Amino acid sequence: MDPLILKLFPGTKKNVPLAPYTTFKIGGKAAYFFAAKTAQAIVQAVRTAKELRIPFFILGGGSNLVVSDKGFNGLVIKTQNIRYNIQDTKLFAEAGAPMATLVKETGKKGLSGLEWAGGLPGSVGGAIRGNAGAFGGETKDAILWVIALDGKGRERLFLKKQCKFSYRSSIFKEKSFIILSAAFALQKGNKRVIRSIAAGHIAYRKERHPLEYPNAGSVFKNCDFKTFSPALRKLLRFAVKTDPFPVVPVAYLHDQAGLKGMRQNNIQVSVKHPNYMVNLGRGKAQDVAVLVQKVKKIIKKKFGVELEEEIEHVG
């Protein structure tokens, strides 16, 4: 299979360590690694991999991701299609475009709609797939349409309603559709105010999040307030925030459960923000998995709720 894959995907590399391509800096090697610089290259790679029945994985910005210590025994397609274009109040962006770049460039033009994402890591594709959100905003808010490959490898246009956005999810995540590009509808606003809001969010993240260590972002989704027992709702009502519906922040639950600083070898529940797990150096995916299960068990016992992971495990 080696010669065939290398011939079909010019520039493909073998046995590439994946840790440097993730924000957690964890993971083994990809058997094959292909950097797709255009949307068409992604389409061709996916269709060919499907035809040959080669396992494949789409790697975007590498946030919210835990790669197995054994790596990925297949083809990793790294999205490097990073082009974007701003026309009046419309933003057109390819899946690999960094969210940080789009926040900065739309702010420069006095366009409002993405300032909530100030400091958000990762790419457009990942943000859409998981309907990323923060500070009262979500990716879905400004989406016009998305172009993606469906399960049969066909390019399809999804209007906003067809994307089936929900809390930290979408049709693309539920059905493993592959995002190629998207269009956003923004609004004209005060350039100084927009940039100030984005800068404030960036500063907040630097102060409150453990950015000094490799991490995968929020490990768990916040908990729907309705899922708690009536007795606990009385106790937790002061911690509720709207995101975008009433939730209890997982970081608050972890803090109340005394989980800050809890470790599994070199993976630690962050002391600064306990819904983050940080890699203290040479961390392993296996340690992440063990610590995640320990945390789930403790929270279930103390609060009676099942934590749902926001991070994705690969390999």
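Positions of Cβ are set from backbone N, Cα and C atoms, glycine also.
What TrEMBL lists as domain 'FAD-binding PCMH-type' is 25-189.
The DSSP secondary structure for Arg168 (active site) is coil. TrEMBL lists Arg168 (among others) with the feature active site.
According to DSSP, Ser218 (active site, proton donor) is assigned to coil rather than to any helix or strand. Counting only same-chain residues at least 6 apart in sequence, those with a Cβ under 8 Å from the Cβ of Ser218 (active site, proton donor) are Asn64, Val250, Asn275, Tyr276, Glu310, Ile311. Under the heading active site, proton donor, TrEMBL lists Ser218.
The active site annotation in TrEMBL covers Glu310 (among others). Its own atom aside, the Cβ of Glu310 (active site) has 20 Cβ atoms within 10 angstroms in the protein chains shown. Under the three-state DSSP scheme, Glu310 (active site) falls in the coil class.
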Worksheet item: Do any residues at least six apart in sequence from Arg168 (active site), in the same chain, have a Cβ closer than 8 Å to its Cβ, and if so which, in order?
Response: Gly130, Asn131, Ala132, Gly133, Lys221, Glu310
